[in-house]
Structures are given as C-alpha cells and as structure tokens.
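Trainee: Could you have a look at this structure, given as structure tokens, before my questions?
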C-alpha cells in the first residue's frame, strides 16, 4: 500500500509542471496564437522562482516571480509576433533558445545553492487519513493551484462572455475584429497568461520536483506540454488527464525497473509518446471533430488592415 | 527541440570560430584547442569536470593557448557538424568528451589529418585520433564498499543512464565492492535513458528510496539525486564532481573525474610536436579518478576500510574484477585468481552474478 501511495504521489509531482504549461498553452492557442516557446518560458520561470525564493525565503513570492517572469517572456513574444508581425513558429523557437541561454546566464550564481523543502498542506484529521489523506489533502499548494487553474480555464472558456470572445479571436479574427473586439489586445492577454502558466510549471520543477537549479533542467518538458494540447484536442479537462497519463507512465516505468521487472527501459520511455500517438489516431479518426476542435486561426497573423 | 538548440549552438560556435579564423595566421599565434561537451558546463557532473580541465589548460599555458568549447551537443549528425566546424575553424587539438561522439569524431578526423583529435571513453583510434578514459569502476568499487557499510536496509539504489560497457562496468564494480562487506546486499537499478534530466533523475531517486534503498549511486550527470537524498534523509555517492554542496549531510563520497593533468600533458605534446595517437586508461593510481573527502556521516572504521581498499587498488594488489566470478546467468566468466583483461571490461554487456533485474539491450 505504501508503494502504491508513493507511486501515486510521484505521478502528481511529475504531472503538475506539464499540467501548468499545457493549460497555459491551451489558452494561448485558443486565442489563435501558436507559441512554441513554452520550453523557454518554463526555464525562465524555473530560474526566476528559484532566485526569488532564495532571495526572499518565501515560496509564495518565488512562485509569483516564476509566473511573472513567464508572463514577461510571453509579452515579449506578443510584441514580436502580434505588434511586429514576425512569424510565430520561428519566434517561438527563438524564444526557447533565448530562454535557455538567458536562464543559464542568470542562474550562474545559483547552481549549488539549496532551498529548504517546499511546504505541504496539512489539514488536521483529513491529511491523517491513511492513504487518501496524503494523496488528496497533503500536497503542496501549487498542485491545488494547477487543478484549480484547469477548472477555472474550463469554466472561463465554456461559460463566460470573455471566454467566448477569446475563442472568437481564435476561430475567426476578422469577424471578431469586425464586431469590434480588440483581437490584438485579447491575444496579448492570452499569450501572457500562457507565459505565466509555463513560468509556474518551471517554478514547480525548480522549487518542488528537484528542488534545485541546473541549466537546461526543463529537459524537453515544454515540448511535451505542446504535444499535450493537441493530445487534449484543445479541451482543458483533457489536458489535465493527459498530464497525469504522461506523469503516470513516466513514474510507473521507473518503479517497474526498481521492482526488477524485465522490461526494456527504452520501451517504457517510449510509452507516453506511444500513448499520445494512439490517442491522436483515435481522435483523428473523426475528421469533423478534429477540425472543429483546432482553433481555425491558429498560427495566423492578424492585421487590422487586411 | 534540443536538436534545434544544438544546431544553433553549433552554428554560433562556427560563426565565432570563423571570425576568429579570418585573422591572419602568424607563427606565434596561440594554439587553438577545442572541447565538445554533451551536457551544459553547469551540470555539476561530467561536462563540468571536463570544463575544469579546460580551464586548467588555459591557466597552465596562458597566452600560448586559446580554448573554446561547445556545450549541449547531441550525439550523431549534430556532433559531426560541430566537430567539423571546429576543425575547419582552425582548432589544432579537439577533445570530444562523450561516448556518442565516437563515430562523428572518427569521420572528421579522417577529413582533417592536420588536426589532432582526442575522444573520451571510446575505442576507435586513428593516426590523428587518440582515446582516453578513466577507470571509474575502481572508484565505484570503493564507493560500493562505503555504500554497503552505510546501508541499514541492505539495498543500494543505482540510477543508470545507458547500458554501454562503461556504465555496466560501474554497476558491476559497485556491486562487487558492496558484496565484500555484505554478501546479501541488494542493488536496485533504474535506467533513465538520459545522461542529464534532473527531473527524471529526481523521480528515479524517489522511486528507489520508496522501494527501500537508503544509499543512492548514480551514473547520470545532474546533482538532483544527491539533493533528493539530502532531503529524504538517506545517503548518496556523488558523480563526476564533488557534490557536497547539494548534499552536505547525504554525500558519503563522490567518484570524481580529474582531466586536468591529462589535458595539460596532451596540449604540451602538441606544442612540442611529440603528440602521438595513444590509448590512455588511467585510474585511481594516475589521479584521473579521485574520491571526494568522506562525508561527516562516514565513521572512522568505514573511512579506514575505504582507504585500505583504495590503496590496494592503487598498489595493484586488488583488481575489482577478479575470479571466481560468474555472469548473472550463472555461467563462468573468470576462474579463481583470474583478472578480467581490459578488452573484456571495455565490451562488458552483462551483469555479474547477484545483480538482479534485466540489463536493457
């Protein structure tokens, strides 16, 4: 039972950074912007959160710093692609390279530095329930925030007027503009929200999962988050499911090895990606839903005069 | 995407070198020495130690050398491109420091007979391509002794990267060292299929601790497992460099790589015109493998035993792979008193008897 619990707790830790980054990118993409710079925003969030926590001793300020730094990266992407009309794909890739380089530069003086353990929630009685307690009521605050964010985004997109406007900008920016909505402004907000979420994902990596700062520590998680958005066919709740599936397979393969099961780790390492492909194939079998799900204006630049 | 960033890194390096090379070449120009790393220099492990060696070269020769490095280079075509650019850019001596750079280095070496190449941990040589490596397994054998002495649960956790002879050798050596102390010692191994992924290494460390391991060893390059061991109150053995900063209480010792002297000697050889293609495999005796100072948790008798083991290896009285020794499947590998020849070690693709689990192919 202890083993099962520790596996489940591990899954939560592995899934949370993915959930943060993916839900942010989902909002960005629903507004019609494709930002491939998730990895760069994540790593900037990771170093900003680590540095701020180290400087102030407060995990709340640290997490906020991670989100703000991510949002700043998002804003930079916005200036380049939305105001200066640069190509979104190329700019996104450049943002990743920029983020990796800048974080290594800032992080020079923070490698080898240690932080105390990230506090976990403890609710008397509830957290002490065997098994269920630590799993449901004993996580750190960021885990609950990630789940709340997904629920919030889900509600925002589906049930609010502002969410409808954001989706309109992503589905048909010309029509949204014609009705009088500020397409560029909406996209700026979406891109910055996406950056803030990616920054929080990075913060989780450097404050909770490892917890330390090393160069390149995001190690490709930003790209997995991008894949998750497609995997989830742009639906918030599926993003959460996908993140936990990815985290789950990743952790299970580590545990199965420690248990001495004779399965090649290479095959196990492939499983999350294999699962993505399988799910994609299953979803894509119905062409209609696939095309309906992807925002129609995804990746297309908007200019009011065109 | 890593490929993309590495491509750009390669292009950047090429550009920098191209600019450098465009100046007129004079006889007293500094010797250009280039290094290619698989990870970031800030990994606090493998690439970090190579970079320490590079800095030692700069310090030793001052104006007479000019060193450059390219970090985060992935195996395969990207590596070839980077090495080619460095060779074409005027580097006279190029160190490529990852097993996966073997074939790319050989290819570029053939195209540039005027440039000297040195490849770490590989086995392919040419007239202008030397190889060098360290007998990490000697250090890991001693580390295994310390780990088994300090383990209360009798289970050592081992985070491994890829099933190449180098790493398999390390697992076997650590196990054999541990077994001399505790015949019932168990070693649990997780292959993470990466040299550097702090998140995954930390997850693997957690899995091992949760399954009862109370001393962690690693053959991956980040200090994540050390940090986690510190947090969870278990012990760990560092990798490549002294990781005590990350685990001041947890680190028992660390199997450090020291390339400084070798690099300085090789650069000097190129300057003197005495460089030849050699095959170096130095160990504890040569100072290429060094054990970090024992942690505070290590009691005196354990430290003494470890020192004795180390001294026996240095003196040549003890060879970690000595018979009677069976392979995992029970077949005989080494007979009584027989020591494994280097070629057996360099092609090791099996666990020794007593190690549990399957070795990925």
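Including glycine, each Cβ sits where the backbone N, Cα and C put it.
Worth saying up front: this structure is predicted, and the values here are computed from it rather than measured.
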Trainee: Quick one: which of A:31-52, A:119-140 does TrEMBL have down as transmembrane segment?
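Mentor: It is A:31-52 that TrEMBL describes as transmembrane segment.
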Trainee: May I ask which of the stretches A:185-205, A:217-234, A:266-283 has the most CB pairs under 8 A with the transmembrane segment (A:31-52)?
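Mentor: Stretch with maximum Cβ contacts: A:185-205.
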Trainee: Same chain, outside the transmembrane segment (A:266-283) by at least 6, Cβ under 8 Å from its Cβ: which residues?
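Mentor: Non-local partners: 224, 227-228, 230-231, 233, 242, 245-246, 249-250, 252-253, 256-257, 289-290.
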Trainee: Below 8 angstroms Cβ to Cβ, which residues of this chain, lying six or more residues outside the transmembrane segment (A:217-234), approach it?
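Mentor: Same-chain contacts beyond the flanks: 17-18, 21-22, 25-26, 29-30, 36-43, 46, 96, 198, 201-202, 205-206, 210, 241-243, 246, 272-273, 276, 279-280, 283, 289-290, 293-295.
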